[in-house]
Amino acid sequence: MRCIHELADVFINDSDERILTQSLDATEIDKHADYESFFSINSDESIMKARPWKSNAKYFKKTYISSLALCKMSVHAKSGGAIEVMGMMTGKIIKNSIIVMDVYPLPVEGTETRVNAQAEGYEYMVQYLENSKQVGRDENIVGWYHSHPGYGCWLSGIDVATQSLNQNFQDPYLAIVIDPMKTEDQGKVEIGAFRTFPDNYKSPDSAAPTNNTRGVPPSKQKDFGVHSDKYYSLDIQIFKSNLDTEILNIISNKSWIGKLIKSVNTANHQEQNMIENVFKLINKLQKKEVNQLNRFEISFIKKFDLIFEDIISKKLMNDNRFYSTISQSSYDSFSGHGNSSSNDEMDDESDLDDRDKSSAPLDISDTGNDDVMSMESSVNVYTDKRGDDNDDDDDNDGYDKRPMYTNYRSRANLTKPRKSGSSPEEHVKLSNNVNKTITNISNHSKDIGLTELQDLIALKTKESIFLGK
């Protein structure tokens with residue numbers, strides 16, 4: 001609602017130079033004046049009977065316009081764009097003044113330079129007044145308003161004829177003109193209030209017609225200033241109630257430029273904050289240390305990385321074959337070529353003698369108590385050679401402890417789940433350790449700004465361990 005910038009208190013004194021339009025600044029209303037009485041008083045009956053405007057052509061010197069009426073006129077004029085619009089005004093008559101309490105638009109045909117009220121417009125006017133009386137609104141019609149989009153507030157020849165006709169039959173009558181385009185450009189309501197003189201009346205302070213027709217449409221230039229001696233302008237005073245003040249504070253566009261600047265500054269500030277947060281996150285990632293994790297968690301992460309490496313390699317190479325080697329020391333320990341003490345130590349650390357050796361998955365259950373497993377030893381796996389009649393190892397019947405140089409699809413796929421010979425309590429402990437570790441890794445990942453990818457890989461790692469996937 002940019003056309004409603006401010007409602008203001010502007011007094012225009014009589015002078016030799018005719019001032020036909022006013023730019024109203026709207027929140028500067030005279031706070032000391034008692035305008036609340038305008039809502040409760042009725043028209044002055046003594047003035048209505050005496051009709052002093054018949055003997056004094058300039059009896060009415062001021063018009064009071066409510067903030068509601070000004071808003072409605074401005075919005076209506078703005079909605080018409082380059083097309084003229086028209087409406088009626090209702091109000092009251094007091095000494096030397098016309099009070100405009102409310103306005104309503106008329107369904108009329110408008111062009112860029114003219115507006116004509118047809119029969120349906122007059123019918124609408126009568127019905128509106130009847131309905132207003134039924135709801136307790138006793139105001140009568142006190143005038144009409146129309147718009148001049150882009151070419152100022154003044155009365156053309158047709159406007160003068162229309163206003164003179166209405167003043168003869170239903171005086172007091174007022175004409176108001178609003179320029180919505182200038183209102184939008186300057187941020188203040190461009191408005192003028194006028195009354196015409198009687199026929200053959202010569203105003204003593206009438207000004208000569210002006211030749212400045214800038215912005216006036218060609219069809220209106222011949223009328224511009226020609227009829228200026230047939231009407232005069234009234235001072236305009238805006239008034240509002242206490243309740244109107246709160247509403248105007250909401251819809252007022254007094255600081256619309258400031259709001260635009262503020263919105264731009266806010267966007268720039270948000271962008272700067274985002275960039276600063278990115279750099280802070282990078283610094284945090286660079287300085288983050290993993291020494292906060294215990295040995296079990298570090299070992300878990302290493303195994304985690306191995307499985308993730310296999311998955312990514314499979315995706316990149318699009319090949320089911322993956323080659324793996326182990327060190328000679330691991331070969332000796334698994335093939336029995338190393339010393340027995342090494343084998344015994346290996347068995348003690350992994351508790352292989354206490355479990356059924358039908359498979360050997362990636363073991364994370366022992367790493368919570370042992371030292372961190374090396375990357376080399378963590379890739380040792382067993383191959384299932386059941387049914388091999390030539391196997392001489394009675395203690396490990398059906399298995400061949402040899403380093404894997406054979407092709408396989410994935411380490412995780414070759415590691416079958418062990419048939420745990422341990423108690424249910426140990427299995428629960430293993431599960432709890434895994435869940436706790438995954439939770440710690442997830443929290444740690446969030447601390448250093450990682451995405452949900454690591455949580456997903458952790459879940460896949462857990463499935464690989466317990467399901468042998």
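Each residue, glycine too, has its Cβ placed from N, Cα and C.
Over in Swiss-Prot, the protein carries these features:
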type	residues	note
BINDING	His146, His148, Asp159	Zn(2+) binding site
COMPBIAS	344-353	compositional bias 'Acidic residues'
DOMAIN	63-200	domain 'MPN'
REGION	201-220	region 'Disordered'
REGION	331-404	region 'Disordered'
MOTIF	146-159	motif 'JAMM motif'
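Of all the binding-site residues listed (His148, Asp159), Asp159 has the fewest other CB atoms within 10 A of its CB. Mean predicted confidence for the motif 'JAMM motif' (146-159): the pLDDT average there is 83. All protein chains included, His146 (Zn(2+) binding site) registers 25 other Cβ atoms within 10 Å of its own Cβ.
DSSP assigns Asp159 (Zn(2+) binding site) to a helix in the three-state reduction.
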